[in-house]
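According to TrEMBL, the features are:
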type	residues	note
DOMAIN	B:5-127	domain 'Na+/H+ antiporter MnhB subunit-related protein'
TRANSMEM	B:12-29	transmembrane segment
TRANSMEM	B:35-56	transmembrane segment
TRANSMEM	B:68-91	transmembrane segment
TRANSMEM	B:111-133	transmembrane segment
Amino acid sequence: MELPLVLLIGVFFAAAVYLMLSKFLVRVLLGVVLLGNGVNLLLFANGRVLREVPPIIPAGHDVPVTLTANPLPQALILTAIVISFSFFAFLLVLVYRAYQDLGTDNGNEMRVAEPENDPLPPTGY
Amino acid sequence: MNTLIFRTVAPFLTALMVLFSLFVLLRGHNEPGGGFIGGLIAVSALAIFGIANGIAAVRKALWFHPMAISAFGLFIACLAGLLSMVFAVPFMTGLWVYPVILGVEIPLSTVMLFDAGVYLVVVGAITSIALALEAGDDL
Amino acid sequence: MAVTPTDLSAALVMTPVAPADWLVVLPPAWCLLTGALLLMLRKSLHLQAWLAVPALAVLVLIDAALLAHVATNGPATMVMGRWLPPFGIAFTADLTGVLFALAGAVVALAGAVHALTDIDGRGRRYGFYPFLLLLMAGVSGAFLTGDIFNLYVWFEVLLISSFGLITLGSEPRQIDGAIKYAFLNLIATTLFLVTTGYLYGIFGTLNMADIAVKAAAARAELPLMTLATLYLLAFGMKAAAFPVNFWLPASYHTPRVVVSALFAGLLTKVGIYALLRTLIMLFPLEREELSFVIALAGAATMILGALGAIGQSDIRRLLGYAVISGIGVMLAGLSLGSPGGIGGAIFYALHSMIVMTALYMAAGLAGRLAGSFDLNLLGGLYTRSALFSALSLVLFFAVSGLPPFSGFWPKVMVAKAAMDIGAWWLVVVVLLTGFLTTIAFGRVFALAYWRPAADALPDETIPPSALVPLAALTALTVVFGLFPDPLLSLVQHAAQGLADPQAYIGSVFPGRT
């Protein structure tokens, strides 16, 4: 069960890196989202993949009655999903604003903060 | 999207979905559900309302600014953790009371308060981002 | 519903919690609480500052009380929700973490006071003070947590609040800087998460004390080198170390000056703290293997930062490179790994937090007095305000590492630790960096302060609320430069506590030492 999961993670990472190498911010953003999903799968695989029941304690008990799947990676993934989701939402707004204000979504053309022909400091007075 | 059918149905659908989100929130203590997923359902309800009737209608229906809702959620979630200071137990320990209201025992806990806080944080934060994307104005 | 009660007392904290232990979780909890309150009250603009400044003053007091507690009683631990470690998330405050947290709180308080005049009504409406408090929640949480996944969560809390701060005002320049800052920092934290996933797969625990014990016990058969290298890359990116530093000069000069000041004081230092925590406390032998790589990266960071500072005409961009140059010194200390080197790195980080914040404030005031940030246009600041010029000169000396200011002692510690193991080239690089930095800042003083103004300066004065925090931070560098002994002994104890974490582990697992 691990092997296909690991291969899938590799595909996710490769696609994410490929997209992030683009100079267009929307593709970079999609790359970041894919990377986040790849990392979630990686967390899941690292928690060991087992064919066990979901870790839900039945009514009337304080502790699980049977062997259950490891709940911790699921909690970690949930946290990571929440965080990457909020970052995705923020970055989406930011990229959209950048497109509106700077007139481009090409990272190479965004030179407002670092102008290309910035004057050198004076050597004396 | 702006058809007569959709505009007529949307308020009812929104009301139902918000009710369902509260159900998911309260069921979350020992069963699948909880504040985060409940909040997301409530946000989708508001999104449907917004698509049908426009952003101004959503802002008016919410009454408070989404960021203020989110901040209130954070505030009560934090308070739920700090309540345990009074009882000399570690931060975020679940504290329970079982008041009997109208002959029914209702278990209340700081865990539930925390979850309600999460619900409000999610509703506020994601609504404000969705509204900003829709309107194209600042967060 | 009949509940069969199970005896869980073996996994729970059953004794009442001492009030002093609350100090461990109070800094982030207090910041979250007040930050949320300010966010609710974001419509009342004048109330914001009146609530935020006292709230941050209280944070400084909490951190100072925690420092006093930890310095006398050793590391303190509190677990969440009564679950004993390693099951519950633990907050553990040791000297290193508390020193960083206290310095961060002081910097934030100074920034909040400075912002009274620097951030106008528009900036406040966008929520400067709530974001500042949420940022401080993230920073304090990162310094005090004892759980590595929780560290990731606090990193994200401070990252998302810093996004709010960096886009404050939404000018095109800020959006441009924010894009680069946001994407590259997000990739760095994702790399941190990847590594933490592997770490969990290897150890089955996320509690740092537990990891330290397990790593020491089974070092031979575990692939710890991978973890150490990945953490070095991830946190090196957060700390803006060469060759993954390019987000910093692209973004730090774009936001409001006080926001740059807070970022320069807080954000990269969280990366350095995380490097110290993981590479010194968790993977010391692996750090030993990597030490040459870290030393090379540190040397390159120092030289590149200093040369970059010489090549800039915008003083805010110049300061961005000065931040990077300082990171190099800390990396050099980290690469040495001896108590002197680690102590030097911690001391330099504390010094850098205070001095870089003060320098950005000074740059902001210089820009306001002279109407420009460009060295080609600046001039005549000395005739405008002699006091401000004197304060700036002290800061320029301190950042260059000249005695008798606070930058001198950590450089001596690092240089001496390098000499002890015969790494003369590292000593030469540290001294050369000091020399180059002196040139860069000497020129700023000559051109912006000493040179007569080319044309009439705008009619601006420095408001007292902007000068007081600058003077207070400058006074701190002078005090720690002239009387370094108390801080030196604290820093040396902190370094020992990191290198030999028995007290830290004993605080998390009282029975296990």
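Heads up, the Cβ atoms here are built off N, Cα and C, so glycines get one too.
TrEMBL does not curate its annotations; it predicts them automatically.
Computed from a predicted structure; not experimentally measured.
Stretch with the largest number of CB pairs closer than 8 A to the transmembrane segment (B:68-91), among B:12-29, B:35-56, B:111-133: B:111-133.
Sequence-remote contacts of a segment are chain residues at least 6 beyond its ends whose Cβ falls under 8 Å from one of its Cβ atoms, and for the transmembrane segment (B:35-56) they are 1-2, 6-7, 10-11, 13-14, 16-18, 20-25, 28, 62, 114-123, 126-127, 130-131, 134-135. A Cβ distance under 8 Å defines the sequence-distant neighbours of the transmembrane segment (B:111-133), meaning residues of its chain 6+ beyond its ends; these are 21, 25-26, 28-29, 34-36, 38-40, 42-43, 46-47, 50, 55, 58-59, 62, 65-81, 83, 92, 94, 139. Helix first, then strand, then coil: DSSP counts for the domain 'Na+/H+ antiporter MnhB subunit-related protein' (B:5-127) stand at 88 helix, 8 strand, 27 coil.
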